[in-house]
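Feature annotations, courtesy of TrEMBL:
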BINDING   B:ARG46  NADP(+) binding site
BINDING   B:ARG123, B:SER124, B:SER125, B:ASN239, B:ALA240, B:GLY279, B:LYS294, B:PRO295, B:THR296, B:PRO297, B:SER298, B:ARG320  FMN binding site
4 protein chains.
Amino acid sequence: MNTFGTRLKFTSFGESHGMAIGCVIDGMPAGVKFDEEFLQKELDKRKPGKNTFSTPRKESDRAQILSGVFEGFTTAAPIAIVIFNENAHSKDYENIKDLFRPAHADFTYFHKFGIRDYRGGGRSSARESAARVAAGAVAAMLLKEFEIEVQSGIFSVGAINSKLDSAEFDFDFAQKSEIFCLDPKLEEEFKQEILKAKKAKDSVGAGVYTRVKNAFAGLGEVLYDKLDSKLAHALMGINAVKAVEIGSGIKASQMKGSQNNDLMKDNVFLSNHSGGILGGISNGNLIETKTYFKPTPSIFLAQQTQNIAGENVLCELKGRHDPCVGVRGSVVATAMVRLVIADSLLLNASSKLEYLKKIYKLF
Amino acid sequence: MNTFGTRLKFTSFGESHGMAIGCVIDGMPAGVKFDEEFLQKELDKRKPGKNTFSTPRKESDRAQILSGVFEGFTTAAPIAIVIFNENAHSKDYENIKDLFRPAHADFTYFHKFGIRDYRGGGRSSARESAARVAAGAVAAMLLKEFEIEVQSGIFSVGAINSKLDSAEFDFDFAQKSEIFCLDPKLEEEFKQEILKAKKAKDSVGAGVYTRVKNAFAGLGEVLYDKLDSKLAHALMGINAVKAVEIGSGIKASQMKGSQNNDLMKDNVFLSNHSGGILGGISNGNLIETKTYFKPTPSIFLAQQTQNIAGENVLCELKGRHDPCVGVRGSVVATAMVRLVIADSLLLNASSKLEYLKKIYKLF
Amino acid sequence: MNTFGTRLKFTSFGESHGMAIGCVIDGMPAGVKFDEEFLQKELDKRKPGKNTFSTPRKESDRAQILSGVFEGFTTAAPIAIVIFNENAHSKDYENIKDLFRPAHADFTYFHKFGIRDYRGGGRSSARESAARVAAGAVAAMLLKEFEIEVQSGIFSVGAINSKLDSAEFDFDFAQKSEIFCLDPKLEEEFKQEILKAKKAKDSVGAGVYTRVKNAFAGLGEVLYDKLDSKLAHALMGINAVKAVEIGSGIKASQMKGSQNNDLMKDNVFLSNHSGGILGGISNGNLIETKTYFKPTPSIFLAQQTQNIAGENVLCELKGRHDPCVGVRGSVVATAMVRLVIADSLLLNASSKLEYLKKIYKLF
Amino acid sequence: MNTFGTRLKFTSFGESHGMAIGCVIDGMPAGVKFDEEFLQKELDKRKPGKNTFSTPRKESDRAQILSGVFEGFTTAAPIAIVIFNENAHSKDYENIKDLFRPAHADFTYFHKFGIRDYRGGGRSSARESAARVAAGAVAAMLLKEFEIEVQSGIFSVGAINSKLDSAEFDFDFAQKSEIFCLDPKLEEEFKQEILKAKKAKDSVGAGVYTRVKNAFAGLGEVLYDKLDSKLAHALMGINAVKAVEIGSGIKASQMKGSQNNDLMKDNVFLSNHSGGILGGISNGNLIETKTYFKPTPSIFLAQQTQNIAGENVLCELKGRHDPCVGVRGSVVATAMVRLVIADSLLLNASSKLEYLKKIYKLF
């Protein structure tokens with residue numbers, strides 16, 4: 001299904017080499033200030049072709065708002081955003097028309113649907129993520145009303161891992177860094193690792209850290225729409241993601257309870273191993289997640305594979321690809337987390353009678 | 001929300017110390033053989049009080065099927081299963097009525113709802129998971145018709161981690177192991193680690209590996225109900241889970257594309273770093289996940305915390321708790337994966353016209 | 001599917017001759033006063049065997065609350081209600097095991113599922129509606145907090161139709177009437193019509209009028225979950241319903257715009273042809289619907305039909321059936337409308353930023 | 001919410017005077033022949049400005065397919081269709097900016113959202129229905145593969161009602177009739193009634209009959225997504241609809257069981273009072289519904305109303321409006337029924353194990 005979210009729903013459409021990609025965001029409350037400039041800025045972060053660390057394909061990714069906004073505010077009508085594709089190189093894909101690119105969705109889509117749009121990877125292309133970033137930007141407009149902020153950055157590239165504690169990550173630096181690096185000391189090493197892979201016609205993986213500042217306590221719906229469940233669902237669903245951690249993640253499983261439990265004193269949590277989520281609901285602390293991206297499947301080295309007829313063939317890709325998909329993936333991680341938090345904020349509005357009485361003036 | 005799934009829906013209800021817990025499974029196709037003995041056997045795996053490695057609370061967990069089954073087969077009507085609670089010790093919870101147990105949902109539930117059932121943790125209690133195991137067993141009855149099998153086991157306890165490759169895990173051994181251990185060489189060390197924590201009035205975390213054998217290619221719905229997304233959602237939603245990996249997980253992010261891509265030759269995948277899922281859809285390979293449990297929050301050491309009035313207090317728990325919640329959690333992991341795979345199997349039935357024509361006899 | 005509702009979800013389970021019927025209501029906000037006495041009273045209204053105008057089958061319909069209520073208030077956890085079946089006469093159904101009762105779901109269920117529980121009509125039995133009435137009573141507890149009230153009554157039986165305008169219907173009378181009659185002058189005629197049909201081993205249809213008092217303006221979600229859509233969905237879904245009207249209904253189609261438009265003056269609507277709903281959203285006026293029940297399919301006259309083998313056979317029913325299913329159906333209409341209004345009330349909580357700011361104290 | 005459907009989902013977006021209207025259809029199985037010419041033809045049926053019986057506003061309603069179709073077949077990716085608005089006369093709405101047009105959604109939208117797009121009625125405008133017609137046309141492409149056909153026509157205008165039995169309605173005639181009239185003898189009277197109302201600056205209501213030919217038995221999901229429920233939901237949700245009947249509708253409530261029950265003999269139903277639906281599931285017979293449209297709210301007579309400030313004012317509309325919205329509404333009725341039937345067809349694919357085994361080749 002192509003719809004994500006429960007109360008704030010996001011439906012995307014469009015293929016990499018089709019006419020356009022876009023999305024419909026449904027459920028935004030009326031009266032939220034709509035910042036089109038901010039939306040475009042977020043899309044630009046994700047845009048390909050900006051530097052040597054991402055794919056050379058150039059798109060301007062200009063968003064057109066088709067509906068749902070009136071005199072600068074949301075109307076509660078669905079917000080449709082369309083981005084017309086400009087720079088599709090279909091002929092780059094001609095030679096791989098009938099074969100299954102390794103580690104791509106070609107094989108699975110073909111088996112599931114019997115049809116696939118081979119050009120540019122169709123729906124499985126990372127270009128579709130522009131729609132997610134647009135939707136995430138809209139969600140951010142709602143979060144902004146409550147000073148809730150979502151930020152992401154890179155903390156590992158390949159086997160190079162930052163030793164910093166998450167509290168030490170430098171988000172100001174990441175904002176200016178071409179690869180959104182959170183550890184200033186490692187930026188050069190990260191860049192070299194990516195260029196090395198690129199030069200070798202290969203690719204490399206990365207780790208993305210995302211945090212949510214100022215989230216209220218109480219977000220998340222028990223038991224099967226818990227906040228951590230929805231975050232995991234959203235993040236694991238990003239192209240190329242293979243692991244998700246909340247708070248201390250895997251390290252938590254290696255600890256004792258006496259070490260892992262976050263104690264409270266004087267209205268403050270003394271630690272945050274939980275990553276801001278307890279029992280699936282936010283506790284008011286910083287929400288912290290880590291998302292791990294595998295290396296870009298599309299590499300330029302020749303690879304052993306098969307084609308539709310079942311014959312063994314060699315796959316030699318052309319086209320323009322990210323050597324490290326996790327870098328731009330961090331922008332998508334931010335977008336997805338924005339959508340989840342905004343959705344939870346809306347759902348939480350009906351969780352207790354006290355809230356309903358405030359709204360309906362009977363308190 | 002308390003409903004999980006898209007086509008195969010599972011709604012659970014009941015509190016730890018209420019009269020009963022149970023579930024309603026809706027969407028099972030008619031005509032599936034219903035194996036009540038198997039259902040009870042699965043519940044027994046999860047049952048507390050069986051050995052010294054889990055909580056001493058004794059429950060017989062006898063399931064009663066209230067509807068949806070007729071002459072041994074599913075009718076497509078919703079299947080309601082109820083398990084009456086027998087052994088609730090409410091007075092164990094009297095002394096913690098007004099305080100927030102560290103790392104529990106007490107704090108967040110109180111903030112979200114303004115009311116909480118303090119006895120036994122109410123809805124956040126692990127006992128609710130009996131409902132999930134029951135539902136998972138029903139899903140397994142459908143999977144069995146297609147020889148699809150889901151299995152789980154423990155591969156790490158605390159800081160002790162198996163060095164075996166997942167292909168070497170011993171599931172026969174795990175079936176008989178009291179702690180579902182997948183690495184025979186480590187069973188004794190694992191047990192000692194758990195008992196050590198228990199003796200110290202503490203708890204310890206664990207890692208669970210789950211695999212799906214014989215899953216077809218084609219399962220998973222693009223783009224926002226991908227198989228890996230749904231698995232992450234389901235697994236991260238289990239009590240105490242803090243990280244989920246698919247296939248090579250975090251290791252994938254440390255590799256190069258040339259290392260991580262699974263190549264194909266002679267109709268076989270030469271590796272399985274993807275964990276059986278590409279582009280969010282199964283590729284016919286073994287589906288592999290890892291789920292990481294934090295240590296049980298409930299420990300018997302005194303812990304610093306606060307109460308409802310905002311005062312600093314000491315939390316000294318009574319009651320009966322698992323020293324390592326990941327052990328019985330592995331049974332829940334199996335259940336949740338069963339539900340996801342079965343759901344995907346149903347949804348996939350309408351993915352191509354060819355399928356519909358087979359059903360409606362016009363092919 | 002067996003789940004109804006968007007934010008306030010209601011899942012029912014159970015068969016007519018199975019062990020029990022019941023429901024799970026999920027989404028009730030925490031803090032609502034739970035009135036168990038009221039719940040039981042509502043069930044008693046619907047109960048069979050009370051008088052000569054309904055089926056002689058006797059059930060006490062005692063509801064057991066399994067979860068979701070704590071110290072007399074809702075906790076936001078799902079509320080499970082179970083009603084154990086007492087008085088099932090399975091042998092009444094032995095002789096019709098293999099044939100399709102005319103106008104029943106036997107034929108369609110058999111074709112859809114290949115299996116059916118012939119005893120008592122399985123899931124299609126009107127007894128399942130006890131679950132709906134229970135859920136509707138819970139929804140009413142929320143509505144009560146806002147003084148919103150839903151009431152139903154009978155305005156037509158067979159071809160006998162009340163001439164009163166809806167504003168003249170007597171609800172106090174209907175409360176005491178054995179057949180919930182809204183027109184005191186017609187009660188005796190209605191009763192005679194039902195008894196006449198019963199005596200002739202036949203059955204007769206009826207028309208139910210339902211109104212909602214004190215509903216706020218603003219309920220209903222555009223565009224595909226409009227209030228009138230949801231009401232139509234809910235009412236048409238009641239066993240034996242064949243038509244639904246909102247406000248002036250069919251009469252509206254026979255009018256001119258100048259006659260049908262409800263004008264406003266001095267903050268009051270000068271008429272209510274819209275039935276309280278404009279553009280799918282409530283306008284604060286009385287919400288009015290009419291639901292039309294076909295005559296009970298189960299009659300004791302011999303009827304021509306076929307059996308599973310395709311042979312022409314005669315259907316001669318035994319058992320105990322309502323001669324006019326619309327009478328007790330009016331209680332179900334009230335229940336379904338309660339669920340829809342309550343659901344809309346919850347959804348509306350996130351429709352504008354102003355509401356969210358009130359809740360989150362930033363206004 | 002702006003999404004309709006369970007498995008086949010349809011999300012619409014766009015405002016009457018915004019840049020464009022459109023929709024996303026998600027869930028179409030792969031491999032269905034996509035007929036763009038047919039789609040455009042269906043839109044042309046609904047197009048305004050074609051004759052004197054509808055609004056003079058002229059739009060070409062040219063649909064652009066943005067995604068989901070590849071080499072003439074559906075790919076299972078979402079199908080996005082956009083129709084750019086050409087002929088918006090915003091200044092026609094300037095004078096009514098602050099008042100509530102009688103019988104329009106202005107009042108309710110304003111109360112619900114605090115914001116409304118006054119130009120052309122925003123989201124409540126009938127122009128949005130072009131999106132529904134487009135989506136319905138796509139659904140029809142799936143139905144066509146199974147020879148299932150949905151048709152609609154007018155059987156009443158104002159108080160003039162056809163006396164024909166539904167079996168006598170002339171669909172060939174309706175296809176060519178400017179007002180889709182089903183009763184050749186009444187076409188001239190109907191037209192005169194509409195012109196009379198138009199001349200009087202007024203409007204008039206209408207009744208639409210819709211039938212589904214060749215639907216299989218077995219469509220519809222018990223208990224809360226029954227076919228009749230979904231049809232009622234869909235039809236009642238069309239702008240200006242105030243009543244929906246299935247089969248004999250209200251007449252059924254006036255009959256005896258012995259008259260209303262459809263008997264079976266020699267594998268044929270001897271009547272069709274049920275309208276093709278029993279127990280909420282189709283029985284293979286012709287599916288028949290009637291949808292009743294109130295007269296167009298927008299009339300040119302001066303009407304008493306109020307404005308945002310609560311003052312009594314006179315509403316004098318300009319603009320271009322249908323004198324009988326039911327005429328073009330019949331095209332929308334066809335579209336909505338197509339969507340419901342197609343959705344049910346997809347859902348039914350997983351109703352019994354036998355179907356799944358056919359698909360997965362294990363029968």
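Cβ atoms are placed via backbone N, Cα and C, with glycine included.
A map of TrEMBL features onto the structure.
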{"residue": "B:ARG46", "record": "NADP(+) binding site", "Cβ neighbours (10 Å)": "26"}
{"residue": "B:ALA240", "record": "FMN binding site", "Cβ neighbours (10 Å)": "25"}
{"residue": "B:LYS294", "record": "FMN binding site", "Cβ neighbours (10 Å)": "32"}
{"residue": "B:THR296", "record": "FMN binding site", "Cβ neighbours (10 Å)": "29"}
{"residue": "B:SER298", "record": "FMN binding site", "Cβ neighbours (10 Å)": "25"}
Alpha-carbon distance [the residue listed as 'NADP(+) binding site'; B:ALA240 (FMN binding site)] in Å: 16
Inter-residue Cα distance where the pair is B:ARG46 (NADP(+) binding site) and B:SER298 (FMN binding site), in Å: 18
In three-state DSSP terms, the structure that B:ARG46 (NADP(+) binding site) belongs to: helix
Inter-residue C-alpha distance, B:ARG46 (NADP(+) binding site) and B:THR296 (FMN binding site) (nearest angstrom): 16
Candidates from B:ARG46, B:ALA240, B:LYS294, B:THR296 close to chain A, where binding-site residues are judged by Cβ under 8 Å: B:LYS294, B:THR296
